[in-house]
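Asks: Here you go, one structure.
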Amino acid sequence: MTELRSTSDVYKDPSGSTASEAPINSKDQISFSVERERRGTVLSGWSVMANSMIGTGVLGLASAFASSGWVLGFSLMFMAGFLAIFSLHLLNILAMKFPDRDVSYYTVAEAYAPWSRWIVDITIVVKCFGVAVSYLQVAGDVLSSLIIHWITSTTVTPFLVRALVIAGSGLLMAPVCMAKSVKNTFITNVLAVVTIGYCVILGIIYADPSAGDDSAGIPEGSSVASVLAKLPIFIFVFTCHQNMFLTANDLKHRTQKHLDIIIVAAESTAMLLYIPAVIFPYLTYGSAARANFMLNIDLGYVPVQIGYIALAIGVLCSYTLQVVPTIRSLIVLVTRDKEDQLSTIKRRILFYSVAALCQLAPVATAVAVRSLGVTFSFVGIIGSNTISYIMPSFLFCTMYRKTKLRKDAKYVMSSLLLLLSLVLVPVCIGSLIQQIITGKI
């Protein structure tokens, strides 16, 4: 999933092409008026939002169902999809409050709750860092499995092979990650979606519906804690909120109706892909479904080996799109958005120091953390939950209070969403830690 940060690191043009914006000061962005030509349409906006949503999280849905079963799993998935649409609708309302200017999380926060604008950068650091780790984990898992499958006589341990693959992947992508902005992301975005789609097709082709121990209700070995530990995965897979404002900014005829059509179409598209991505792997592997269901499929098939390679290439191409925003957001936090006041030498030292940290940390974390599911859950509850539920509902409620609008059903729903999303943070993190300590995840 392409991540976009408030102080402009990556801009994916909703019209289908891509471009980069030079990093601009957040204060400049707040006062920036729309002068560029708007070229986006409902169709192009849909493509951007759908592409932002569909990522490696798809691979982990079957493992989430392994803890919840069919009924609860689909209930949670549809509920997460509905809440994602509702929170996106709240963002659309906020976007329409600034019809003649570009808008972002940062500008909205500055207008209604200035003290909260730093939360945006903290959230982006956490989410982008977590997604970068998951990309390295996926690449490390599939490529190391391939190497061990092809070279059966090797005496090197699987852990060391995986660690070397992850370190090599990080080293390979290091020069690209040193860029101060990302350019020409269209090809990598398309490649990422194609590889995920290919993996889903493989899951369907090599499915054996009678092989798994799938359960209609909550599986026997499952518990409330195991369900809560996997719940953030459902939030994670429907997150595309980081691109909503940019899509609105580029929409040629920006109206509430057009924006709502885009989000419903994008979320529906993702749901149509997620349903087979859940059904066939869970039917086949049941409680044994892994956080990356591709690792469940027999490697003896050539198309599966091709899928492993394609998946690794796809996630590594998208890796830069996570590291660069992390670097920029971390610099904003470290300098308190006063980077322009530093001397040229100090800016360079700061940039290269932060860039090195933001590349070494994901590699070290990916090597140390074997479970992709743990990464999905932590990123889902801290990053996705904040950017998808907490910030939209909080900013919407704050806007209502500041403008003294009459509190209606929508305000009540957004308040309940804010309360629910805040409660989920300690509950899900606590459950996840408990599952890790007991060795159940």
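Heads up, residue numbers simply count up from 1 along the chain you see.
Positions of Cβ are set from backbone N, Cα and C atoms, glycine also.
According to TrEMBL, the protein has these features:
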| type | residues | note |
| --- | --- | --- |
| COMPBIAS | 1-20 | compositional bias 'Polar residues' |
| REGION | 1-23 | region 'Disordered' |
| DOMAIN | 39-433 | domain 'Amino acid transporter transmembrane' |
| TRANSMEM | 46-66 | transmembrane segment |
| TRANSMEM | 72-94 | transmembrane segment |
| TRANSMEM | 115-135 | transmembrane segment |
| TRANSMEM | 147-174 | transmembrane segment |
| TRANSMEM | 186-207 | transmembrane segment |
| TRANSMEM | 227-249 | transmembrane segment |
| TRANSMEM | 261-285 | transmembrane segment |
| TRANSMEM | 305-328 | transmembrane segment |
| TRANSMEM | 349-369 | transmembrane segment |
| TRANSMEM | 375-396 | transmembrane segment |
| TRANSMEM | 416-437 | transmembrane segment |
Asks: Counting only residues 6+ away from its ends, which parts of the chain sit with a Cβ under 8 Å from the transmembrane segment (375-396)?
Replies: 57, 60, 83-84, 87-88, 90-91, 93-94, 105, 108-109, 112-113, 116, 119-120, 123-124, 126-128, 130-131, 133-134, 137, 229-236, 238-239, 241-242, 291, 369, 411, 414-415, 417-418, 420-422, 424-425, 428-429, 432, 441
Asks: Other than its close neighbours in sequence, what residues sit by the transmembrane segment (72-94), given a CB gap under 8 Å and a spacing of at least six beyond its ends?
Replies: 61, 64-65, 103, 108, 217-218, 227, 231, 234-235, 237-241, 244-245, 248, 256, 259-260, 263-264, 267, 270-271, 274, 278, 282, 388-389, 392-393, 395-396, 399, 410, 413-414, 417
Asks: Does the transmembrane segment (186-207) come close to the transmembrane segment (227-249), meaning at least 3 CB pairs under 8 Å for residues 6 or more apart?
Replies: no
Asks: Could you tell me what the rest of the chain brings near the transmembrane segment (115-135), counting residues at least six beyond its ends with Cβ under 8 Å?
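Replies: For the transmembrane segment (115-135), the nonlocal Cβ contacts are 1, 3, 5-7, 26, 55-56, 105-106, 109, 242, 315-316, 318-319, 322-323, 325-326, 329-330, 332-333, 358, 361-362, 365-366, 369, 372, 375-376, 378-379, 382-384, 386-387, 391, 394-395.
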Asks: Count, for each of 186-207, 305-328, 416-437, the Cβ pairs lying under 8 Å from the transmembrane segment (261-285), and report the range with the highest count.
Replies: 186-207
Asks: What else in the chain is close to the transmembrane segment (349-369), if you only count residues 6 or more beyond its ends and a Cβ gap under 8 Å?
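Replies: Here the qualifying positions are 129, 132-133, 136-137, 140, 162-163, 166-167, 169-170, 173-174, 177-178, 180, 323, 326-327, 330-331, 334-335, 339, 342, 375.
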Asks: Among 46-66, 186-207, 305-328, 416-437, which stretch has the most Cβ pairs under 8 Å to the transmembrane segment (147-174)?
Replies: 305-328
Asks: May I ask for the residues of the chain that lie six or more residues beyond the transmembrane segment (186-207) and have a Cβ under 8 Å from a Cβ within it?
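Replies: Same-chain contacts beyond the ends: 2, 12, 16-18, 51, 54-56, 58-59, 273, 276-277, 280-281, 283-284, 293-294, 297-298, 301, 303-304, 307, 310-311, 313-315, 317-318, 320-321.
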